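Visitor: Quick one: the structure is below, questions incoming.
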Amino acid sequence: MATQTNESFPLEKTRNIGIMAHIDAGKTTLTERILFYTGRLHRMGEVHEGAATMDFMEQEKERGITITSAATTCYWDDHRVNIIDTPGHVDFTVEVERSLRVLDGAIALFCAVGGVEPQSETVWRQAEKYDVPRIGFVNKMDRTGADFENVLEMMEDRLSANPVPVQYPIGAGDMFRGVIDLIEGKAIIYDDESQGMQWDVREIPDDLESKAEHWRINLLESVAEYDDELLMKYLDEDQEVEPEELHTVIRKATLNRDMTPMFCGSALKNTGVQRVLDGVTNYLPSPNDVPAITGHHPQDKEEDITRHPREDEPFSAVAFKITTDPYVGKLTFVRVYSGTLESGSRVYSPTRDEDERIGRMMFMHADSREDVDVIRAGDIAAVVGPKNLKTGDTICDPDHPVVLESMDFPEPVIRIAVEPRTKADRDKLTNGLTKLAEEDPTFNVRTDEETGQTIIAGMGELHLEIIIDRLKQEFKVEANVGQPQVAYREALTDMIDEHYVLKKQSGGRGQFAEVYMDVGPIPEEEEEESGLVFENEIKGGVIPKEFIPSVERGIESAMEDGPLAGYPIEGVWVRLYDGDHHEVDSDQNAFEIAGRLGFREAARHANPVLMEPVMEVEVVTPDDYMGDIIGDLNGRRGQIGQMGQRNDAQVINAEVPLSEMFGYSTDLRSLSQGRAIYTMQFGSYEPVPEEVASEIMDEQTMSATA
């Protein structure tokens, strides 16, 4: 394919969005429909083409269009829309997290029957963390039990959201026929035969006039809070509030995250999708509408550097996804925050402290790639060339280095041993695991030094099942898989003042390093940190500054092997406050050893405890089985939390150690005759009770000596 010149597309007409949803809310169907409608509009310039459209839909049903790339570019109403894929399953919340990090706005998708489900809450919290403005779409209005108003109430109760309908459904379930546009004051009835390409605009049906009036007043009152002029018009009965005025103020309130405009429809039945696209262009932000991104200088974390979404600023971008493409090899998806980048350029990776060369650059469409020669501020593109970039890394202009805010990924909580079935599979297994680990920052691979086994770790059983499946499908590797094991951690609970001297003299040059340090758990005010918080308070050069990083490196290596059972130590605070060195016998190696051995000594005396991953579990069950299920969760060391009702079912929330949840799917099926369902996601690491901890440590000792 010939390389296209990427003409500068107006930033104010660019939208970088994601679709956030629970696993069965209909995200794939909505995405397919968006790609279908925007694809026809972009290529043909005309949407209303009955026969061609229906042919395309037939193929679509056969092929099942899905977004396999991390980002897809499409066009709607003179706007360019980049859709960043966000998965729905809880084991993949990290995928959602990294998507939200680089998008500007989102469509929050809800099932009209299920409403706000556990994953909806998780994704909503992540969107709040990254200040992402949202519009909402209540999907599946054609399903039995669909209830638009119930979804709004659940959003208020469970998400503390402010949903403001700009539409109201005409009917529900089998009777769903269209929507009332509360801004225009008209009914929109969709034509089933035209695959949603044609609709009639009518007067509001008599039986819905009072409902429409109620929700229009709700819309006007909600919006009037954000604009004095509009408020005066609303209060003055002689003045009509124009649709354009409403759009302007709704946009302002949405960008400030004060409200979530709500749409409704059925993606499967092709109703309401174009209106959601209008909502994307009308209400969601362009790159110009979001604050400039702030990073820091690679050599000085205290020096803030700001990058605005302008082409005349130095180039900066974040790599948010790495994939392997069968045709072009390693693809790195980047979000450009400032400046421009031409193919063939060299960029600097401050996190790796090395240069990378950019080869090809391309925009990904639903079913094709578009090679371009330049990418600009606001663009989302895939690049070929970088060898060592990882997810979350910054790339920038070598003459203007900056580290943009990096992504924090949770540590894996479950691990299994894998081994190739044949010698021929060994290299393929190593190669496959390396590539998969490059793509997914929550998937770890390591070799157990004592047993020689390859250990893979991830966020849940499903996560690792999919990894094993991908090894088979993509890399043609057959692997034997061990039993899942919990990824325990260790933590320090007491503060220790450690003085350690390394002094070795064995003829010729010796080794000398002396350190004084406080070692203990991270203080409460810094609890968001999870690894090592290292504070350097050395004064007067008693330890030369070039040796300080060596002490930190030594501590980090010692943290990988805890004093209780050899599990990694989490949440450590160290203050290096004094020490000494020798002009000849001190070097970086000596201080690294002193840091490692000094920390190891301190950790033994800091009252270490074993920590286990505790999962947030939600079970939805008919009344009849509630007692048995609660009893079973208690038997798994579960702490029962909030209980309530959702539609006709009971909802039980509990916190349960991961070690007690293996095989729960089968047990729950037996307890409830297959009628209860559950979801589970990582909550936090908590201390293991003493009697359980001693069993785990005994097992670990036995396996180490076996």
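Keep in mind that glycine also has a Cβ here, set from the backbone N, Cα and C atoms.
So Swiss-Prot lists these for the protein:
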- 12-288: domain 'tr-type G' (DOMAIN)
- 21-28, 85-89, 139-142: GTP binding site (BINDING)
- 288-309: region 'Disordered' (REGION)
- 297-309: compositional bias 'Basic and acidic residues' (COMPBIAS)
Visitor: Just to be sure I understand the packing, how many Cβ atoms besides its own are within 10 Å of the Cβ of Ala21 (GTP binding site)?
Guide: 28
Visitor: Which state, by DSSP, holds Ala21 (GTP binding site): helix, strand or coil?
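Guide: DSSP call for Ala21 (GTP binding site): strand.
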Visitor: Kindly state the mean pLDDT of the domain 'tr-type G' (12-288) in the predicted structure.
Guide: 82
Visitor: By DSSP, how many residues in the compositional bias 'Basic and acidic residues' (297-309) are helix, how many strand, and how many coil?
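Guide: In the compositional bias 'Basic and acidic residues' (297-309), the DSSP-based counts are 0 helix, 9 strand, 4 coil.
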Visitor: Would you say which of the binding-site residues Asp24, Lys27, Met141 has the most Cβ atoms within 10 Å of its own Cβ?
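Guide: Answer returned by the neighbour count: Met141.
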Visitor: Report, as a single number, how many Cβ atoms besides its own are within 10 Å of the Cβ of Thr86 (GTP binding site).
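Guide: Counting Cβ neighbours of Thr86 (GTP binding site) within 10 Å gives 29.
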